[in-house]
Amino acid sequence: MPNYTVTVATGTQWFAGTDDYIYITLVGSESCSERTLLDKPLYNDFERGAVDSYDISVGEDLGEIELVKIEKKKYWVHDDWYCKYITVKTPYGDYVEFPCFRWLVDDKEVILRDGRARLPQHAKTRVAKQHRRKELEQRQKTYRWKEWHPGFPMSIDAKAHSELPRDIQFDSEKGVDFVLNYSKAIENLYVNQFMHMFQSSWGDFADFERIFMRIKNTISEYVMEHWKEDFMFGYQFLNGCNPVVIRKCTEIPDKFPVTQKIVEDSLERGLTLEEELKEGNIFIADYELLDGVTPNSTDPCTLQYLAAPICLLYKNIQNKIMPIAIQLLQKPGEDNPIFLPSDDEYDWLLAKIWVRSSDFHVHQTVTHLLRTHLISEVFGIALFRQLPAVHPVFKLLLPHIRFTIAINTKAREQLICECGLFDKANGTGGGGHVELVQKSMKTFTYRSLCFPEAIKARGMDSKEELPYYFYRDDGYSVWEAVTSFVTDVVDIYYDKDETVQEDTEIQAFVKDVCSFGMQDFDYCEFPKSLQTKEQLVEYLTIVIFTASAQHAAVNFGQLFLGMYPDEHFIEKPVKEAMAKFRKNLAEVVKVIKSRNEGKKLPYYYFSPDRIPNSVAV
């Protein structure tokens, strides 16, 4: 009688173990085993972090093991169980791995394919084809699109985190981390004591200093010491938290009537303004998106205001970016003066503060929320809807959308909802942030997610012209490392362009992103299909880079790029590609660390050892 050994690994998450009955069925190409009870709850081994083996005797040879079916039945009350993987040892001594990394909830069964990744056109047996189809049919019922606000990217159909599918909820540890980190941040920043000031006028700079100095490190202390100075103001456009607004200025716009006479005292090379423009020494930051956005009016006793400034910047002879003119509104006129460094000290400082305030609103709502969180959620929902777990792209992208849908749902539930934290502490709260996303969507394109193209489109690609743009330089390095890794993986599964074209599941994934996730907006130019391996590599690089590196550059992270604790891939060539990827990332870390040595303002946001795998915070 053939004997099979089944090894089961339980997750390490809190409450991952179970006392419920666990049944397993082995489905082979020749036959299938009977429904086998692995253990009785009284003697249950399915504890958190446990790895247990069981011998199963069957009446006949099952042939090649194609599927493993897992069932969980209630003992006293249902408790969820997290299964990491199952390994089956055949009577011939072969080991077949079945990655799971899923929660078993209630009485629902889970059916696993072995860990080898396969494209849909390579599924030959009826069982394999049927399994792919049923898995996606069930996922499409579970992961549904919903429009949170008109003009937004689509999001998950869930009003609260508790309504999400169990597999994409925060595990218990992550949920506790979210609460503790939120509470710790509030405590560290004295936000509770200063919350009243977010909806009232600040009396003096000392209020700001008392909050800021709660963040104790060398960089924060240096910034606090120099924050009023023009060089620090300019530096933040290049290497601060929102380094994507500044662009090279080749022509002064009519709405910003800056002349040679106005700025000649700031020009250091003896050239005219027109000559400086031609030399590539003039840059501009335009916050036109904020024009017409409704200021926060949730507190009727407090008037709040928004500016839509334009700031002209100049690369001086020391290669520092310095502000030389600021206009706070879009339409020029006597009531909308152009502020200059030669103005009264506090007039000029307040003009810069208005620009920085506007930069904050664009950063939080557009650069951060829309262009990393919301777009990553679109990719994540489409991934679950259109790619089965056996697909190599599902295995590749899953770590990079981990907890993204959960954190976004939490944000819609607590932060950016009506009466949420945005309404209490943000000048665009009360609906202005919604307007800002809606306006931004009208200029949001697929190509703008391609890092090298986005840099070039702003005229910021020349290292010779702009030597201290570390966001650009480090971003290029990480983009190239991700591209190389994705290319290696794609080459393993796609031998030619036609293989991409014949992959019905990857085509459905791409179309779902465009037609549903981005609501088929004509101006977004997201592709509805992919024709070549090169296009597939770029698409996957965009997904990974946006969710990991780009989010890290405009936020902060805790789960590092290149680290894959859940082993969805079992193939040796992919593991070798991962090892090569980690090696390339380590070189990037080394270069960045060497460059930062001795700098008072080191830039490390793109350092791979500080880049989270996904948008999870």
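A Cβ is built for glycine as well, from the same backbone N, Cα and C atoms used for every other residue.
As written in TrEMBL, here are the features:
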{"type": "BINDING", "residues": "GLY17, ASP79, ASP80", "note": "Ca(2+) 1 binding site"}
{"type": "BINDING", "residues": "ASP39", "note": "Ca(2+) 2 binding site"}
{"type": "BINDING", "residues": "HIS368, HIS373, HIS551", "note": "Fe cation binding site"}
{"type": "DOMAIN", "residues": "2-118", "note": "domain 'PLAT'"}
{"type": "DOMAIN", "residues": "117-617", "note": "domain 'Lipoxygenase'"}
{"type": "SITE", "residues": "TRP103", "note": "site 'Essential for stabilizing binding to COTL1'"}
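Annotated features, which come from TrEMBL, shown on the structure.
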residue	record	Cβ neighbours (10 Å)
GLY17	Ca(2+) 1 binding site	21
ASP39	Ca(2+) 2 binding site	14
ASP79	Ca(2+) 1 binding site	16
ASP80	Ca(2+) 1 binding site	17
TRP103	site 'Essential for stabilizing binding to COTL1'	22
HIS368	Fe cation binding site	19
HIS373	Fe cation binding site	23
HIS551	Fe cation binding site	27
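Closest to GLY17 (Ca(2+) 1 binding site) by Cα-Cα distance, out of the recorded positions ASP39, TRP103, HIS368, HIS373, HIS551, is TRP103.
Between the C-alpha atoms of TRP103 (site 'Essential for stabilizing binding to COTL1') and HIS551 (Fe cation binding site), the distance comes to 28 Å.
A mean pLDDT of 88 is what the model gives for the domain 'Lipoxygenase' (117-617). Taking the C-alpha positions, the distance from ASP80 (Ca(2+) 1 binding site) to the residue listed as 'Ca(2+) 2 binding site' comes to 16 Å. Sequence-ordered, the extra residues of this chain that approach the Fe cation site, with Cβ no more than 8 Å from the Cβ center of HIS368, HIS373, HIS551, are THR367, LEU369, ARG371, THR372, SER376, GLN550, VAL554, ASN555, VAL615. Other than GLY17, ASP79, ASP80, the residues of this chain whose Cβ falls within 8 Å of the Cβ centroid of the Ca(2+) 1 site are, in sequence order, PHE15, ALA16, THR18, ASP19, ASP20, TRP81, TYR82.
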